[in-house]
Each structure stands twice: as structure tokens, then as C-alpha cells.
Amino acid sequence: SALFIPACRCDPRGIIMSEAPCDQISGDCFCKRHVTGRYCDLCLEEYWGLSNDMAGCRQCDCDFGGSYSNRYCSDKNLHNHGDG
């Protein structure tokens, strides 16, 4: 029987650039420091904004006086400092 090797379907923003972006047996991608998911397409808790940055995602850095939790931030609920 032929050995099945899954194709790498990694998100290029979330993977560590190398010769092989994923495990050739399982197909699991090799994620950057603050990135998770089989395809490296999700930010870890307390991180947001998957991008091509070296770490992959940025820390939430929520204001503890004005936020419910630092664990759940996203592009949808973040505001720039001093935006009124």
C-alpha cells in the first residue's frame, strides 16, 4: 500500500519559515511563538492580530481598569490608544 503524505495547508503568516513548513507525517504545521492551531492560523489566548511579524501575534495588553479580561481580545474589540 502507498504511504499517504498530507499536504501542508499552513497559514504563511503563522508558520516558522523553513524547508518543511509542516510535519511530513501528520501534516501539523510548525507555528511561530504566539500562534496555534493545526494550520498555524490562530493566536494563543491573550494574543491577537495574526501577521507576518516574527512572533506571529501581538499581546493583548488590555487596560486592567477598563477591561473584563486580558484573555479575550481580537481585532474586533481593540481600539488604538488615544482614539477618543
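Note that Cβ sites are derived from N, Cα and C of the backbone, with glycine treated the same way.
The record in TrEMBL pairs Cys57 in a disulfide bond with Cys43, which is drawn from Cys40, Cys43, Cys73. Of the listed cysteines Cys10, Cys40, TrEMBL assigns the disulfide bond with Cys31 to Cys40. The DSSP secondary structure for Cys43 (disulfide bond) is strand. Taking the C-alpha positions, the distance from Cys57 (disulfide bond) to Cys40 (disulfide bond) comes to 11 Å. Across all of the domain 'Laminin EGF-like' (8-59), the predicted model scores a mean pLDDT of 91. If you take the Cα of Cys31 (disulfide bond) and the Cα of Cys43 (disulfide bond), they are about 10 angstrom apart, rounded to a whole number.
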